[in-house]
Amino acid sequence: MSSDSSRRIQVPEELKEVLLQFSISFLVEQPPDVIDYAVEYFTKLQSERPSVSHTDQSTDDQLSVNSQDADAEPPVMASSRRKSVFAEAYDPEADDDDDGATAVFPKTDEQRARLVESVKNVLLFRSLEKEQMNQVLDAMFERKVQPGDFIIRQGDDGDNFYVIESGVYKVYINDKHINTYNHTGLFGELALLYNMPRAATVQAETSGLLWAMDRQTFRRILLKSAFRKRKMYEELLNSVPMLKALQNYERMNLADALVSKSYDNGERIIKQGDAADGMYFIEEGTVSVRMDQDDAEVEISQLGKGQYFGELALVTHRPRAASVYATGGVVKLAFLDVKAFERLLGPCMDIMKRNIDDYESQLVKIFGSKNNITDTR
């Protein structure tokens, strides 16, 4: 194959995302055998394919074309220059350092807003929660450049990711000019995960300012946060009596499927009459369960940390029969969508069905009848 034809080969965005997500999962789990873990990971991924929406796939196509130029490794380099992609080991369980030890580099509100806007469509940043994003933004450091400065050189090991604050920068591959950044853009994001040679050279055409993030800091923030969250989820799930019917590995799979959500005081979480899309476990705070009665909402119960709601609509396949509101400050919840619910909570189904009788008895005490409601959630 000629060099011209090889340069036309493009790595599909879907493949990039799958490999990146697998890499993150591998780093978090740190299994003893990468092959066995890969088989298990991709088998599970294949079983979940029907639940993947076209919307998620189309979002991947929105990744900035400019941001890929400096990291999209040409095939001609792959066989001779690729190095170990996980050169630095990091064990989040062994990291006892205080999060406050991470350096914080001051930025104006305007600069932070521009950074958020710049990175919001980068795959690695799309999955960050607000707290993680703030930690990443705090840790990004300033680099001033002068005309002629080389920011990255083709073939060098990748270490930093860059967001352009100001300046003009030219991108070269094999000394051929392929792109120009004009006071905006980003490059080098794959360096946050992979220890691989740079696939392009970026040189400053004018003086300018860059914000940079190094791989070790990013991975520490991301992986330590992910590790802590999983541990927290495991502790939360271990405290739920209903889930005692699950095996340990089933609870671990359940923890991996949970998605964090937060609601402010008074904010509605689910609405009576809506279709059920999942259930919730309460991480922090309290919620109020209310039902419409005579043109007014009547509180049925309050739930707190370690309790759950929303499951009975999934069991009965009926619309939500009550509304749930956050009360007493910010409420943090772990959300399990309906597909994962059906896949993971089969062993608990009998327990949840028995709970229906308890809720109906509660309705009789409050309203004098069940009002034909078989699901108060």
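Glycine is treated like the rest: Cβ placed from N, Cα and C.
Per Swiss-Prot, the feature 3',5'-cyclic AMP 1 binding site maps to 124-239. Feature annotation from Swiss-Prot assigns 3',5'-cyclic AMP 2 binding site to 242-362. If you look up Swiss-Prot, you'll see 48-69 marked as compositional bias 'Polar residues'. The phosphotyrosine annotation in Swiss-Prot covers Tyr90 and rests on experimental evidence. Annotation source Swiss-Prot lists region 'Disordered' at 48-78. Swiss-Prot lists 81-85 with the feature motif 'Pseudophosphorylation motif'.
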Sparsest-packed of the listed binding-site residues (Asp214, Asp274) - C-beta count within 10 angstroms: Asp274
Rounded Cα-Cα span from Leu258 (3',5'-cyclic AMP 2 binding site) to Ala139 (3',5'-cyclic AMP 1 binding site), Å: 27
Cβ-Cβ neighbours of Lys229 (3',5'-cyclic AMP 1 binding site) (radius 10 Å): 18
Binding-site residues: Gln154, Thr184 - member with fewest neighbouring CB atoms within 10 Å: Thr184
Spatially closest candidate among Met242, Leu258, Val338, the listed binding-site residues, to Ala199 (3',5'-cyclic AMP 1 binding site) (Cα to Cα): Leu258
Cα-Cα distance linking Leu258 (3',5'-cyclic AMP 2 binding site) and Thr184 (3',5'-cyclic AMP 1 binding site), given in Å to the nearest integer: 36
Long-range Cβ environment of Val338 (3',5'-cyclic AMP 2 binding site), under 8 Å and at least 6 residues apart: Ala276, Asp277, Gly278, Leu314
Rounded Cα-Cα span from Asp214 (3',5'-cyclic AMP 1 binding site) to Gly306 (3',5'-cyclic AMP 2 binding site), Å: 37
Entry from the binding-site residues list Ala199, Gly306 having the most other CB atoms no farther than 10 A: Ala199
Lys229 (3',5'-cyclic AMP 1 binding site) to Met242 (3',5'-cyclic AMP 2 binding site) - Cα separation in whole Å: 21
Residue, out of the binding-site residues Met242, Leu258, Ala322, whose Cβ gathers the largest set of other Cβ atoms within 10 Å: Ala322
Met242 (3',5'-cyclic AMP 2 binding site) and Asp214 (3',5'-cyclic AMP 1 binding site), distance between Cα atoms, whole Å: 43
Inter-residue C-alpha distance, Ala322 (3',5'-cyclic AMP 2 binding site) and Gln154 (3',5'-cyclic AMP 1 binding site) (nearest angstrom): 59
Inter-residue C-alpha distance, Leu258 (3',5'-cyclic AMP 2 binding site) and Leu124 (3',5'-cyclic AMP 1 binding site) (nearest angstrom): 19
